[in-house]
Amino acid sequence: MEILKHALSANALVTAFAIVGLVMWLSNAISKRLLFGRVHGSAIAIVIGLAAAFAAGLWTGGDKGVVDIPVLAGIGLMGGAMLRDFAIVATAFEVDVIQARKAGAIGACALALGTILPFIVGSLVAVAFGYTDAVSITTIGAGAVTYIVGPVTGAALGASSAVMALSIATGVFKAVLVMIGTPIVAKAIGLDNPRSAMVFGGLMGTVSGVSGGLAATDRRLVPYGALTATFHTGLGCLVAPSILYLIVRGIVGG
Amino acid sequence: MTISGVALLAICTLLGSFLGDLLGSALGVKANVGGVGIAMLLLIAARLWLTRRGLMTAGVKFGVEFWGALYIPIVVAMAAQQNVLVAARSGPLVLIAGISAVLICFATVALISRIGKKGETMDEIEAKARAQASPPGEPVV
């Protein structure tokens, strides 16, 4: 057992490939045999991943999902920002330039709406829960944009750590909801072409949510959604602690 | 050579990340602004340039497409390391803010998708491409 443990953790990344591969195979089998292709195999795999992260969180008390289990540490490298960005960029190889150019202007439009709408919603909920100071309201509103914009904004404005935690949790919850919800609503919101995928990426923001959700819906749409989503966090980090904060302060005063 | 494809991808990713950081600091933001997006645009430009010069070998293509095909497993690994517990446990504020933000955005996507003419679906685009040339071959995931 000790020797096996050593073999697995000494080859952490290889272990991760093997385990994720097994999960993918299992999910595709479930999709095909139990659900008759009604739910995409990747959607099932992502839900299994999230469920495993939940269980691991209960078991280890850590905050990094299955990565807190020593033999599974390689999952952290495999699904970390470095390889994730590397693989997202690779998907650009399949982008149809003509299609992407057609949706350029509407994508930028979606990007602006995707920052402002969640911010307004998050801020209103913060006010409804009794927050009255501009810093807390802005930080929670920014968390509803993405879970990176939240803490970046909070740190810039000097928000309390409880508010920061709420802000991050809102962003993470949003990402998880987007991952699970996208394949369910895809048909209803017309998510079957590059144009709407770019609009979707700009509006939903959260690269992890968008890429996971689109992967579970139709893999071919991923590069289009990622292309706009990637500007979302930067834009949010730019406007939330500056313009949006000033507007909130102007409304609630102080 | 396969490695030249992987290297091309790596160079685009690094350059994009660098330019994104540069843009971020120029704007006075503590974040990478569109690094991945810039890298994607660079890669698209490189693909067009290589194709025009006839330098797009099967090796280069394979080196990039391999990583594109690994994308979904990587997303699964990413999902497995989210702090799902905190997201699920934290109070009603998080639930309400998260759900309403997502619903409003979904609704807006639906709205914008309906404005203007309907774009061609992925299936239609691929059918057209297949009719024009030899089938591009679906990447195996």
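All positions are counted from 1 along the displayed chain.
Glycine is treated like the rest: Cβ placed from N, Cα and C.
Unlike curated entries, TrEMBL annotations are predicted automatically.
Taken from TrEMBL, the feature domain 'Malonate/sodium symporter MadM subunit N-terminal' applies to A:5-251.
Beyond the ends of the transmembrane segment (A:6-27), by six or more residues, the same chain brings 41-42, 44-45, 48-49, 70-75, 77-79 to within a C-beta distance below 8 angstroms of the stretch. Sequence annotations record features per position, and here TrEMBL assigns transmembrane segment to A:6-27 (among others).
Remote same-chain partners of the transmembrane segment (A:39-59), defined as residues 6 or more beyond its termini with a Cβ less than 8 Å from a stretch Cβ, comprise 23-24, 26-28, 30-32, 65-69, 72, 176, 179-180, 183, 212, 215-217, 219. TrEMBL lists A:39-59 (among others) with the feature transmembrane segment.
Summarising the annotation, TrEMBL assigns transmembrane segment to A:71-93 (among others).
Annotation comment: TrEMBL describes A:105-131 (among others) as transmembrane segment.
TrEMBL lists A:137-157 (among others) with the feature transmembrane segment. Only residues 6 or more beyond the boundaries of the transmembrane segment (A:137-157), in the same chain, are considered here, and those with a CB under 8 A from a CB of the stretch are 114-115, 118-123, 125-127, 131, 163-164, 166-172, 174-175, 205-207, 232-233, 236-237, 240-241, 244-245, 248-249, 252.
Feature annotation from TrEMBL assigns transmembrane segment to A:164-185 (among others). For the transmembrane segment (A:164-185), the residues of the chain that approach it from at least six positions outside its boundaries are 39-40, 43, 46-47, 50, 118, 122, 139-140, 142-151, 153-155, 191, 200, 204, 206, 208-210, 212-214, 216-217, judged by C-beta separation under 8 angstroms.
For A:197-217 (among others), the entry in TrEMBL reads transmembrane segment. Within its own chain, the transmembrane segment (A:197-217) is flanked in space by residues 40, 42-43, 46, 84, 88, 100, 103, 106-111, 113-115, 117-118, 145-147, 149, 171, 174-183, 186, 189, 191, 224-233, 236, which lie at least six positions past its ends and keep a Cβ under 8 Å from the stretch.
Taken from TrEMBL, the feature transmembrane segment covers A:224-248 (among others).
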* Remote residues contacting the transmembrane segment (A:105-131) - C-beta distance under 8 A, at least 6 residues beyond either end -> 137-138, 140-145, 163, 170, 174, 195, 198-205, 227-228, 231-232, 235-236, 239-240, 244, 248, 252
